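Here's what Swiss-Prot has on this protein:
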| type | residues | note |
| --- | --- | --- |
| REGION | 1-160 | region 'Disordered' |
| COMPBIAS | 46-56 | compositional bias 'Basic and acidic residues' |
| COMPBIAS | 62-78 | compositional bias 'Polar residues' |
| COMPBIAS | 83-93 | compositional bias 'Acidic residues' |
| COMPBIAS | 107-136 | compositional bias 'Acidic residues' |
| SITE | Arg317 | site 'Interaction with DNA' |
| SITE | Trp366 | site 'Interaction with DNA' |
| DOMAIN | 386-860 | domain 'Topo IB-type catalytic' |
| SITE | Lys397 | site 'Interaction with DNA' |
| REGION | 442-447 | region 'Interaction with DNA' |
| SITE | Thr454 | site 'Interaction with DNA' |
| SITE | Lys480 | site 'Interaction with DNA' |
| SITE | Asn545 | site 'Interaction with DNA' |
| SITE | His613 | site 'Interaction with DNA' |
| SITE | Lys632 | site 'Interaction with DNA' |
| REGION | 716-737 | region 'Disordered' |
| ACT_SITE | Tyr822 | active site, O-(3'-phospho-DNA)-tyrosine intermediate |
| REGION | 843-890 | region 'Disordered' |
| COMPBIAS | 854-863 | compositional bias 'Basic and acidic residues' |
| COMPBIAS | 864-879 | compositional bias 'Basic residues' |
| COMPBIAS | 940-950 | compositional bias 'Basic and acidic residues' |
| REGION | 940-1019 | region 'Disordered' |
| COMPBIAS | 980-996 | compositional bias 'Basic and acidic residues' |
| COMPBIAS | 997-1012 | compositional bias 'Acidic residues' |
Amino acid sequence: MNSIQVKNEPMLASFASTSTNGKAKRSAKPSLFSGSEVSSDDDEEKPLAKRPKVEDSDSDAPLTSTVSSQNGVQKRSGSSNNDDNDDDSDSDSDAPLTALVKKSNGSDDDEDDDDDDDEGDDDDEEDDDDDDDDDDKPLSKSSKSNRKPPKTMSITGSGEKKWDVLIHKGPRFPDPYQPLPKDVKLKYDGRPVDLPWQTEEIAMFYAVKLETQHAQNAIFNRNFFDDFKTDLKKYPPRDGTQIKSFDKLDFRDMYNYWRSLKDAELERKKALAPSARKREIEERKAEETKWKICLVDGVEQRVGNVNVEPPGLFLGRGAHPKAGKVKRRISPGDITINHSADHPAPQPPAGMGDWAEVVEKKDVTWLAYWKENINGQYKYVFLDATSNFKTNSDREKFEKARKLDTVVKQIRRDVNKNLKSKVRHERQIATIVWLIDNFSLRAGNEKGEDEAETYGVCSLRCEHAQIKMPDTIHLEFLGKDSMKFEEDLKITNPDVFKNIAMFLKSNGMKDKSGNYVRKKPSDPIFCAPESGSGKMQPLQPNSVNQFLSKYMKGLSAKVFRTYNASVTFQGLLEQTEEWLKSRPNAAEREINQTNLRLAYNEANRQVAILCNHQKTVNPMLLNRNLERTQDKIFQIRYEIMKEQQKILTFHKVSELKKEFKVKEHPFMKQFDKIMQKQDLDAEKVKQYEEQMISDKKSKLESTFKRQQSELQYQLEQKGLTGDDGTPKKGKKAKNVEEEVRSSIKGFKDKKQVDEELKALNETAKRLEKERKTNKSQATSCNFVSSAKKILSKYEMIKKQEAELVNKNNTSDVALSTSKLNYIDPRITLAWLKEWDDRLSDLGQGKAAPKKKVKKEEEENDIKPKKKDAKGAASKKRAAKTGLANSTGDSEKMELGLQVMNISQFFANALQKKFKWAASGDDGRDISAKWVFVKDAQSKMRKLDSAERKGQKGGSMAAMTDAADSKEAQPKVNCVLKKQTSADRKMSKPIKAVDKTEESDDDLSSDSSDDEDKPLAAVV
């Protein structure tokens, strides 16, 4: 097979990166690992690796001889077809397969190429693709001496033809690197270093992260410097500088230059006329659309993320060991294109060489793939989430999870039976399935030493677990994407608890003396002897899926997670009204849109915790949120103080109490609160008022500049300016100019702006006088109005404080991941319809006045009006046929809601992705009575972790547990509480095994047989 040379060097505009011979190769089909696609869509298309089948014929034979690699070791045959292999992927198994897959973890979340990753909203987790396909991949060997390169297969699909004609433009490349000006240099030991552009670019990767949390990470810095030194050997400084110490590097000049470019671009955009800015955006979107549209069998389909990831530094998620390593620039010579052979293939950018290969694979749906250098993952360009391929995949995934409901009782009965099996392998599988089912843990994989050490149930080591009598297991390990999992799991099934304690102690094998071999901390909890060496290796997730597939074709651990997440979510939403009634104050108990959204988010939060959907905590963002909230609260308290000042200037407290009786004025019950002194720092009040006036002046001046820029731009477009840019004279030109002025929203001339600036100066003087005299300069005061304003502002403070608590409680919980990948969207839509009908019945169905105001404002806006009644046709069709979503009139779903706003629950991207969900099982518009499963509340899963991530006021699940504590299946009896760093510090050190004599006695006291003793290992 011809080899393809992967170009790791970054490129200049004039630098062409090619394959080995400088031309595109039509080589034999390259071998690939399974990897992740570029887009943030669900990875359901990625195929699973072919797996070796474990023969179970002698699984119950005891191991009576000494531990060795000779006879008595279980043999593994080659890969064989089974149900799990046939249908374990929830959709198109069309990405390249491998015979043995190196587990690729730590999907990079650093698509940005600057420090804006720390400035965005951390709740934007739609790019967190949380598939568990990795659960089904075979394990890599952990032994350094025995590790071999993985064997691979050629590109293969599912065998089923997906398309006849596929035409697209290929992936889009990032801009080439532009060298720095000669006066901007990296400094070493205080002296400028003359770097060639290849290493200068890598230094710039670090410079742009200088003011982020990443630059404070020792692992990040070490990995960067290691890669930087490697490149310095290839492209050393031209002035001969020897760079040996990271601490002597100074990136400040490079950062300042980059920051100046960012600031200049921001100022340029601010200076643009609104119409010019809008036109610029439209042109950019039009250019992007050329890349984002492809033809599949003559039908236009949207493509997902077509952009090749730009080079930079790998950020990773969690405590990723490869954070800071250099992501190399991808060239056309690294990319394979999938395209119709009878149509011209897309051309790579000029001067960058040819594609590695162009193929025609009609049984796959990827458009292109390439390999990234950090984790060896293959990244793919797929169609967009709204494409037919993806929407069908999503529906099939959730329908498979619904089908599980028909066999789940039988599975659980058999699991409970196998927990007491004499066959160790069966008992291990049953214990694993019980943990996956009850705690929604991932099956997981062991990693090689060159990969991020992350784990799931199957690959857990003894050092990850600690027995806590009488019924608790403490687990602490790095989960998917290097996110830390640390929980105390209360095991309600005594057999499970006893099994785990047993598996922690021994693998069932005996030494020469006939004693059971005690496990070491690094030994796997669930294990079987490896073929050939006899060494105990973690049980493969494939073993779990083989067990599950006996009950339903394609059933895997991930389907269980999807089923439990959706069932629990439905069960929680069914308790919405009860949860609202349980809220601590009257305002929170009201049935309205705001409180319903809080109830929905509470259910979403609990399911996210159930699935252990974490996200990287950004301390800088948390601090900014805290500062912003504190500033908002100070502003509100300042406004309260000014109202109080006004009241005390015009009224006496004693007279107010006499004049305004509680009977006629109920708000007087809170009179003491109304007049409570705010105790604001005088200097801070002065600074706030001065800043407030300054901000208003700046806003007024910037608005004036923007309006003048808009006026100039529109006159230029109409040809009414001279060569010097000044407006033309003449009656006609003047009339047109007046029309343009009137079309600009809120247009003010220079005279009006000067008058307002003068008024602001007067306000500043008035505020200064009020500070000195502590008397209001207002002309009058309406006490009732001021009192009600003060009380409303106290409520605003409560909301701000509650929002801050909510953000802190969910700072490490990825709410959107479960909604995107694990919760059937039809549950949300049916719930929305139900409550929309109820709110309409309560008289809350009238349109909000805000929309009318918006339309009136748009008449005077410079921007073109939006299309009115975009969904009117769909609503009329729905009224007649019940099929509002049967045609492609809109990319988003049409539910015909009168009160509830779907955008508050599903962002536009999710509405497009889940448009299929607006139709029920009968193909008609989804009904408010649609359910994922019947009797969901009795099937909800347990959630111990939420007991420490509780939210004051209780949770829906806590009510479920209190209402029916007799259910055999434990429910989500929890409240949510954010775990603090102090909580973690109080945790006891992890032990491989609880070796106390009391533990051994407790484990054996309730059994008359030898179930508590280590079972014989399979041979």
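The backbone N, Cα and C atoms fix where each Cβ goes, glycine too.
These numbers come from a predicted model, not from an experiment.
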Using a 10 Å cut-off on Cβ-Cβ distances across all protein chains shown, tell me which of the recorded positions (Trp366, Tyr822) has the largest neighbour count.
Tyr822
Filter the recorded positions Arg317, Thr454, Lys480, Asn545, His613, Tyr822 down to the ones within 10 angstroms of Trp366 (site 'Interaction with DNA'), Cα to Cα, kept in sequence order.
none
For a three-state summary based on DSSP, what are the helix, strand and coil counts in the region 'Disordered' (716-737)?
9 helix, 2 strand, 11 coil
Should anything in the same chain at least six residues away from the region 'Disordered' (716-737) have a Cβ under 8 Å from its Cβ atoms, list it; otherwise answer none.
275
Going by C-alpha positions, which of the recorded positions (Thr454, Asn545, Tyr822) is nearest Lys480 (site 'Interaction with DNA')?
Thr454
I'd like to confirm something. Which of the recorded sites, Lys397, Thr454, Lys632, has a Cα closest to the Cα of Tyr822 (active site, O-(3'-phospho-DNA)-tyrosine intermediate)?
Lys397
Counting Cβ neighbours within 10 Å across all chains shown, tell me which of the recorded sites Arg317, Lys397, Lys480 comes out on top.
Lys480
When distances run from the Cα of Lys397 (site 'Interaction with DNA') to each of the recorded sites Arg317, Thr454, Asn545, His613, Lys632, the nearest one:
Asn545
Based on Cβ atoms within 10 Å, give me the single least packed residue among the recorded sites His613, Lys632.
Lys632
Of the recorded sites Arg317, Thr454, Asn545, which one has its Cα closest to the Cα of Lys632 (site 'Interaction with DNA')?
Arg317
In angstrom units, rounded to an integer, how far apart are the Cα atoms of Asn545 (site 'Interaction with DNA') and Thr454 (site 'Interaction with DNA')?
20
How many whole Å apart are the CA atoms of Thr454 (site 'Interaction with DNA') and Arg317 (site 'Interaction with DNA')?
12
Within 10 Å of the Cβ of Thr454 (site 'Interaction with DNA'), how many other Cβ atoms can you find? Include all protein chains, please.
26
Please report the three-state DSSP label of Tyr822 (active site, O-(3'-phospho-DNA)-tyrosine intermediate).
coil
Can you tell me how far the Cα of His613 (site 'Interaction with DNA') sits from the Cα of Arg317 (site 'Interaction with DNA'), in Å?
12
Overall pLDDT of the domain 'Topo IB-type catalytic' (386-860), taken as the mean:
86
